[in-house]
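Student: Here it is, the structure, as structure tokens.
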Amino acid sequence: MAPTSCSLCRDAKAILKRPKTGQQICKDCFFFVFETEVHHTITESELFKPGDRVAIGASGGKDSTVLAYVMKTLNERYNYGLDLFLLSIDEGITGYRDDSLETVKRNQQQYDMPLKILSYDELYGWTMDAIVEQIGKKNNCTFCGVFRRQALDRGAASLNVDHIVTGHNADDIAETVLMNIMRGDIARLGRCTLICTQGEDTIKRSKPFKYAYEKEIVMYAYFKKLDYFSTECIYSPDAYRGHARTFLKDLEAARPSAIIDIIHSGEAFEVKEEIKAAQKAQQTCKRCGYMSSNDLCKACTLLEGLERGMASSVITDRARKKMDAIGPAPDNIRTIPLFRSTPTIAVELPSQS
Ligand code: SF4
Ligand code: ZN
Ligand code: ZN
């Protein structure tokens, strides 16, 4: 049988079937359509303006490595005029994050971008290894997720950037839509499909891979021979998300457009005005100054639980009340540094080789 020719250029031999569309295409056309779709996502949502300083949340994994490569490529090809940085969070997970950070350090050299690494230990005085030692392998991802979100904002503030981009892909967003429906979490459902949200202060946070399929990101990394780290975290990942993921993969196998369809369904949800009005207003955390809908932000609450040796009891509001009933937090309780727009920027510059 004669080899199939690429359905886009009709010239080269098709060597892959696009998971998103089922088209048989050649490698160069795949690179071009993948990059161009991300470019359209960026321009249609007007994510950036010339001169923006943008931090790429980099873990060394496939999503953020491809994101760093594609952001660099598009910034040069279309003259976005962005200053790009790599920002990595070191959760302190021996045998996992220490190895993946070595990949980020190589990416720093390969992509010639400044890199800032901020650790949980530096910010919170706790590594994930120490947290798991206290709380065990249940709820560890709750701590890690809350701490990472704040760490990214604080790292970005110390870099003085306007914007953080993360490698969340279409599969991640569709999974989150499903999880929020299953939990009945209206507030999160209303905002989880937004491409751009506001973080701490004026730092925006966005997801240029919102419509990029995970399978295509893996293909892109593979055919471009990008240097990324593919080991899973040694602590058990969120089991609930795992179920949503398996369900989504089954749906995708039956109908590849299911991922995009679920994102579009999530975008079409409208939260009634009276429900929005009933949601808690944002204020600032009384202890650390981070945005919060309660007196204390989630990170300060979790940190207090750890410091008082009652971490497993601060996951829910009810448990928090129980901790309060035992007595107030000691006056010398640890606070989290905020790093508001520092004039000097401590970054590791790529060494000349
Ligand atoms: Fe953190 Fe959980 Fe992810 Fe591991 S799996 S890095 S503990 S959120
Ligand atoms: Zn082609
Ligand atoms: Zn706080």
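Quick reminder: no glycine exception, Cβ is built from N, Cα and C everywhere.
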Student: According to TrEMBL, Gly57, Ala58, Ser59, Asp63, Gly167, Asp172 bind ATP; which one of Ile42, Ile89, Ile186, Ile195 is annotated to that same site?
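Tutor: Between Ile42, Ile89, Ile186, Ile195, TrEMBL records just one in the ATP site with Gly57, Ala58, Ser59, Asp63, Gly167, Asp172, namely Ile89.
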Student: Give, as a single whole number between 0 and 100, the mean pLDDT over the domain 'Cytoplasmic tRNA 2-thiolation protein 1 C-terminal' (283-311).
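Tutor: 88, rounded to a whole number.
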Student: For a quick check of packing: other C-beta atoms within 10 Å of the C-beta of Ala58 (ATP binding site), how many?
Tutor: 30
Student: In Å, how large is the greatest distance between any two Cα atoms among Gly57, Ala58, Ser59, Asp63, Ile89, Gly167, Asp172, the listed binders of ATP?
Tutor: 19
Student: DSSP-wise, what's the residue breakdown of the domain 'Cytoplasmic tRNA 2-thiolation protein 1 C-terminal' (283-311) into helix, strand and coil?
Tutor: 11 helix, 4 strand, 14 coil
